[in-house]
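All remarks here apply to the structure that follows.
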Amino acid sequence: MCAATISIRGFHVFKGFLSADAQAVLLADLRDVVAAAPLFSPMTPYGKPMSVRMTSAGKYGWFSDKSGYRYAPSHPNGSAWPAIPDRVLAIWRELVSDARDPDCCLINFYGEGAKMGMHQDRDEADFNWPVLSVSLGDEGLFRVGNATRGGKTESIWLQSGDVVVMGGEARLLYHGVDRIKLGSSALMPKGGRINLTCRVVD
Ligand SMILES: O=C(O)CCC(=O)C(=O)O
Ligand SMILES: [Fe+2]
């Protein structure tokens, strides 16, 4: 199901891509991932923990500590990352490519007050591969900027079931999440927002 596709500075937003049922079964898959690879709050290189809690599935997981941002082959607890759920791979194959699957599916969990500062996704080897992002749960105010830090920005509320493809000229645009609207979705009884980002890493 896809109600409409809109473009914001070259980011393609597939509004309502996932039906309510598809969101619910995807959420159940993610609960299995989180049971195997618990959420944690990475330290930024500046020494502050991120407000977003995260974990990953796939060959690599995204990780940060005082040595910087990078992809790691295992969870901080030493276990291998769980496999990327088939339902996530199906979205990737439909909207990005069926020639190659992503190496990493990062799961971000935004609880009350969590946000993500403006950044570029640039820890990957090949920026020709788009980044795929799936939003679930409470609405998040997603801000898109420019290829360099600063300047005018545009924002859009991402809702549960929306999917964004960040590719081409837009692949290296700064972006971030200013805030979430806690309790705006019924998907998760305790509220919060989940965002998945799938990436080819190496
Ligand atoms: O939560 C979002 O919508 C964006 C997440 C993001 O930009 C990232 O994980 O790199
Ligand atoms: Fe990002």
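Placed from the backbone N, Cα and C atoms, the Cβ positions cover glycine too.
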Fe cation site partner of HIS119, ASP121 (as recorded in TrEMBL), chosen from HIS75, HIS175: HIS175
DSSP-derived class (H/G/I helix, E/B strand, else coil) of ARG149 (substrate binding site): coil
Integer Å distance between the CA atoms belonging to TYR69 (substrate binding site) and LEU196 (2-oxoglutarate binding site): 18
For ASP121 (Fe cation binding site): DSSP state (helix, strand, coil): coil
Other CB atoms, at most 10 A from the CB of TYR71 (substrate binding site): 20
Of TRP62, TYR69, TYR110 (the binding-site residues), the residue whose Cβ has the fewest other Cβ atoms within 10 Å: TYR69
